[in-house]
Amino acid sequence: MAMTELLNAEDIKKAIGAFAAAESFDHKKFFQMVGLKKKSTEDVKKVFHILDKDKSGFIEEEELGFILKGFSPDARDLSVKETKTLMAAGDKDGDGKIGADEFSTLVSES
């Protein structure tokens, strides 16, 4: 499934552009801009599974660094600092990875 089957391509493009500068990523604003915040829990979990590149059932820190590329292949990677900030916000149980339920919570808190 492509991300554009769940989210509007123009919204994705605008959101990626808004956070093109290094160290500018704000997951709350990003999730709102791409329209993820308005989606059902089921659709948010579909987005999670697209972002879970290795299909482990979790988004690990390495995958998290490439989260923007999951929305648009030409997007930038997150910096180490941005990645760690996002992991800290999303990893509710402290196991070093974000599960589908944790991702849904992260989006709903945006």
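The backbone N, Cα and C atoms fix where each Cβ goes, and this holds for glycine too.
Just so it is clear, the model here is predicted, and its values are computed rather than measured.
Listed in Swiss-Prot:
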- Ala2: N-acetylalanine (MOD_RES)
- Ser24: phosphoserine (MOD_RES)
- 39-74: domain 'EF-hand 1' (DOMAIN)
- Asp52, Asp54, Ser56, Phe58, Glu60, Glu63: Ca(2+) 1 binding site (BINDING)
- 78-110: domain 'EF-hand 2' (DOMAIN)
- Asp91, Asp93, Asp95, Lys97, Glu102: Ca(2+) 2 binding site (BINDING)
Checklist entry - Other than its own, how many Cβ atoms are within 10 Å of the Cβ belonging to Glu63 (Ca(2+) 1 binding site)? => result 19
Checklist entry - Taking DSSP states H, G and I as helix and E and B as strand, how many residues of the domain 'EF-hand 1' (39-74) are helix, strand and coil? => result 20 helix, 3 strand, 13 coil
Checklist entry - At the Cα level, what's the spacing in Å between Glu60 (Ca(2+) 1 binding site) and Lys97 (Ca(2+) 2 binding site), rounded? => result 5
Item to check | the residue listed as 'phosphoserine' versus Glu63 (Ca(2+) 1 binding site) - Cα distance in angstrom | outcome: 19
Checklist outcome for this item: Rounded Cα distance in angstrom between Asp93 (Ca(2+) 2 binding site) and Phe58 (Ca(2+) 1 binding site) is 13
Checklist outcome for this item: Model confidence for the domain 'EF-hand 2' (78-110), as mean pLDDT, reads 97
Next on the checklist: For the domain 'EF-hand 2' (78-110), how many residues does DSSP put in helix, in strand and in coil?
Outcome noted: 20 helix, 3 strand, 10 coil
Checklist outcome for this item: Cα of Asp52 (Ca(2+) 1 binding site) to Cα of Lys97 (Ca(2+) 2 binding site), in Å and rounded, measures 11
Item to check | Closest of Ala2, Ser24, Asp91, Lys97, Glu102 to Asp54 (Ca(2+) 1 binding site), Cα positions, recorded positions only | outcome: Lys97
Item to check | Residues satisfying Cβ distance under 8 Å from Asp91 (Ca(2+) 2 binding site), sequence separation of at least 6 | outcome: Lys97, Ile98, Glu102
Next on the checklist: An 8 Å radius from the center of the Asp91, Asp93, Asp95, Lys97, Glu102 Cβ atoms defines the neighbourhood of the Ca(2+) 2 site; name the other residues of that chain inside it, in order.
Outcome noted: Phe58, Gly90, Lys92, Gly94, Gly96, Ile98, Gly99
